[in-house]
Amino acid sequence: MKTLRLALFTLFCLPAVAIQLSAAEAPTYEHDVAPILRKYCVGCHGAESPEAEQSLHSFDALNARTSEVPLIDKQHPEKSRLLTVMTGQSEALMPPEDEPAPSEKEIAIIQAWLKSGMKRGEKVKAAWELDVQQIASHSEVRPISALGVSPDGEELALGSYGQVEIVPLSSDGSFDRSKPLQLLEDLPGKVTAIHYSSNGKQIAIATGVAGLVGEAIIVARETGESLQSFQGHADILYDAEISPDGKFLATCGYDRLITLWSIESGEKLRELKGHNGAVYDVGFSPDSRFLVSASADDTCKVWRVADGTRLDTLPQPLKEVYCCSFSPDGKTIVCGGADNNLRVWQFVAQDGPQINPMIYARFAHEGPVQRIVFNEDGSKLFSVGNDLTVKLWDTSSYTELKLWADRPEISMAAGYVSQTQSLYLGRLDGQVDRLTWSPDDLPKGNASMAPKTKPQPIPQAEMGTIAEQESNDTIDSAQAVNFPAKITGKIAGDAPGPDIDYYRFSAKAGQNWVLEINAARSKSALDSHLSIYHLDGSPVERVKLQATRESYFTFRGKDDSTSDDFRVFIWEEMKLNEYLYSNGEVARLWLHPRGPDSGFRVYPGQGKRWGYFDTTPLAHALGEPCYVVEPLAPGQEVLPNGLPVFTLYYENDDESRRTMGDDSRLFFTAPEDGEYLVKVRDVRDFEGDNFSYELTARPRQEDFRVNLASKDLNVPAGGAQEILFRCDRLDNFDGEIQIDISGLPEGFTATTPITIEPGQIEATGVIQATEAVETLAEDVVKQIKIQATAMPEGQKTTHDVAGFKKVNVRKTPKLAIHIEAAEGGAKPRQAAADGPLEFEVHPGETIMLKVIAERKDLKGNITFGKEGSGRNLPFAVNIANLGLNGLMMLDGQNEREFFITADEVAEPTSRLFHLNTGVDGGHATPPVLLHVIPK
């Protein structure tokens, strides 16, 4: 009813208003109508994604027919939809009732314009002149919104609202703004970016007026003369960059578009569309062939300049991306933004659309990352944050080198001068900062776990047995003992509070001791806890762990033993072999999630999970925080990054590798010569007469044991069967173990040597038999010898391995399988005629191969397994693109392509691998040699 009354009232009033207008000059679009439409309509019916596909942003758009009912009816102007939706004569009333609407006079102007022939008229305002009330600023400060430095390091260009100030730089990097070289004024609006050309002769300036127009201007450096102007954006520009070869100009802005221009002709070459938010930054590759863009749609995109093809979308950022850049060598792409992180991708999509793998993700600042700037050779990167900090990064590993904290004001612009190693910052208070650095100021070395002191041998001594002597339940009354020793004791006493036993011992710096409790294994009620203290009662520090990535458990929590399905937030930014800290436990990532319904596997990849640094695996709740952490070298300076630093001490509840049940084991390396205290208690603070224990303190002695899991063989004649070896790593020995098989009779061959990789617990190989061989007699089987060799503590050690019990030969197998090169896949490497097939893969790449099955009356599916289907592949190399059923050849199929992906952390190596199936009694393919080759 309200709408009807408004419509009738408007219709009665319009003739009177129109009579007044008729006496004046007929209205035109540019002078009279356009301001009304901009005021009430263009917000929803603009150039980009207009509502109802009706655009009112220009004269041409108004006359274009984009729907069944045109906006303007030239035969019956008074019935034009442009007018009837305003007067209520149409079903829809525009603008909507909850939005400001044109006045009677404004509607009458539109009606008069329609009746008078709808003339366009001449523009009365430049595109950048916004028709709004001018409000004087209460501050004389011009925030510096853009900053550029000349390639020769002699000039500094400072951009603010409406002007660019060119300031000379002295040879020592200092500057004096009171004597500018040039002052470029009368720019249409805020200057958002300034970039010098690579030859230093031109300066590109990005500017514009929000909501109206974006403009890029190229000026001559020497004279400040405007050489070219580029207009084509419907909103303010955020960046304008000249390509290194000087041929192209790339512009981007709030209108979500990227435009490539020819600098020589000034023509628009192409628009790059695809972002769903404002585009804040663009950057050319050093060879000018590619462009990267950063957007408010939480992505970066990579484009080919020659044809505008989008090569990749980099989706990992969690919020708006404010800055992006190619590295000076063109091999990586770096971005920063509102999620406070730096992200680094390896740039591989040069020949066509391809996924560029992310290789680093670093929590950089406690506020958005506003700017990133490389030094001249790309070995260092500066990041500027909204948290009033600036950081310097080593780009070989993107580790933090230096922090400038507590800056006086937020900086929105930055530029680097290599000649003086100076970083210039443009601040919101109109000031310019200069930060300098020297290699001598940077930390030496890296955060490796290099020991503070060299390992020291422990003199051999007889281990004695010592009985606990009460009272030893305080630091001052600790019982003195000499190591090595076996101490028998009991957690029980008459004093108030839970009983605690202290023992005092001496150790030399670098000596490695193992302290372990035998209690639960001997049916004691004690749930032990071991810890080491200084004589003053302070715990002995083991290591500091600096968090580099924050996350939390998703989907469900974890118990204290599971090693699979660790589902954590932003898992894509985590790398294999990284440490994961959660509530005092430190695990290590072993295998990436294999799909949307899976999580990480942590070490050792099967069975109960391991803790590192003697931490005890714990249960974790859904939503519990966790962190990727890096161990810091002893004495290394901790550079704040906004994430926690966790200090671990020498303590253990349950032995970290889960071989001793509830009993404790602690590996202690003395940090310095002196006396220390070992503390024994019940972790629950219980005590009693049945809480007895035996504490053993002995020198650490690394060793290993290897077991053959496949003792009974059933080898198909003319085929192969898999053999599996597992190892026990004693005293945390983590080195490589080589297994040699000898004494095989004629007609049998084995993959030898078989290597268990460092830190891993199993390896597989194959035994092959010719069609002519027979089942081996027991005495022949005993002649097959297996030995395992490794280098614990640098000493070559060889152990015999219990061998096969039976070697049976199946004479009529129904299947034979082998691996071949796939059409369009990886090409075989040249190899000896009698050797295995060989292929190469680079870290971060995927290759395609093919498995062939020769069925001999065999029906049904042939399954090769799931994530472990690539048998004996190197660590961090796996068969990828597996479905829910894993790698499978369906009934009736005789071949299947499969894909091998080498993770970016895969180490260079050469290793035999094979496929294995359990059908028809078990079959393996002949081994194939895979070479992981560094790029």
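A Cβ is built for glycine as well, from the same backbone N, Cα and C atoms used for every other residue.
Computed over the domain 'Cytochrome C Planctomycete-type' (41-98), the whole-number mean pLDDT of the model equals 80. Residues or ranges marked as domain 'Cytochrome C Planctomycete-type' in TrEMBL: 41-98.
Here TrEMBL flags 230-271 (among others) as repeat 'WD'.
Marked as repeat 'WD' by TrEMBL: 272-313 (among others). Look at the repeat 'WD' (272-313): DSSP puts its residues at 0 helix, 22 strand, 20 coil.
Residues or ranges marked as repeat 'WD' in TrEMBL: 314-346 (among others). Sequence-distant contacts of the repeat 'WD' (314-346) (same chain, at least 6 residues past either end, Cβ-Cβ under 8 Å): 277, 280-287, 290, 292-302, 356-374, 376-378, 381, 383, 385, 393, 395, 398, 570, 572-573, 642, 844, 904.
The repeat 'WD' annotation in TrEMBL covers 362-403 (among others).
Here TrEMBL flags 1-18 as signal peptide.
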Long-range neighbours of the repeat 'WD' (272-313), counting only residues six or more past its ends (CB under 8 A): 238-239, 241, 243-245, 247-248, 250-260, 319-326, 328-330, 333, 335, 337, 347, 349-350, 352-356
Residue distribution over DSSP helix, strand and coil in the repeat 'WD' (230-271): 0 helix, 25 strand, 17 coil
Residue numbers, six or more beyond the limits of the repeat 'WD' (362-403), whose CB comes under 8 Å of its CB atoms: 319-320, 322-325, 327-329, 332, 334-344, 409-416, 418, 421, 423, 425, 435, 437, 441-443, 446-447, 547-550, 639-643
